[in-house]
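Trainee: Got a structure here, written out as structure tokens. Questions coming.
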Amino acid sequence: MRLLGIDLGDKTVGLSLSDTTWTIASPYQTLARSSDQKAIDDLKKVIQEFSIMAIVMGYPLNMNGSAGPQSQKVVQFSEKLLTNHKIPLLLWDERLSTAAVTRTLITADVSRKKQKKAVDKLAATFILQGVLDSLNF
């Protein structure tokens, strides 16, 4: 049984998976988000394939801790995802996760083209690892 990390964007959905001991998060893939239903169908396949026990979805709060328009989009998407598929879902503060990942990639001298392909699944990994670290603290 694993946990699934999700970084929801307007055009893509970054995914990460925990190991079975819930210690390490690893990047899995980035899905195109042409429509919510297509993304949800793809996510349900991943949930089945990896026997996902719970989902951790990045929740984009403003720097002052308030919820903004992107936060509402995440809530709406998560509600659609959980329709007809009951699985625990945790919304996790993702402030600065994409910025942290991007800084790391720039420091590692990764090209912009490669950054674009990797940033979403790495942000999902950053989010999921935060939860795993808090569980294993």
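All residue numbers here begin at 1 and follow the chain in the order shown.
Cβ from N, Cα, C; glycine included.
These came from TrEMBL, pasted as-is:
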DOMAIN    1-101  domain 'YqgF/RNase H-like'
Trainee: Could you give the mean pLDDT over the domain 'YqgF/RNase H-like' (1-101), rounded to a whole number?
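Mentor: When the pLDDT values over the domain 'YqgF/RNase H-like' (1-101) are averaged, the result is 92.
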Trainee: Going by DSSP, how much of the domain 'YqgF/RNase H-like' (1-101) is helix, how much is strand and how much is coil, in residues?
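Mentor: Its residues fall into 33 helix, 37 strand, 31 coil.
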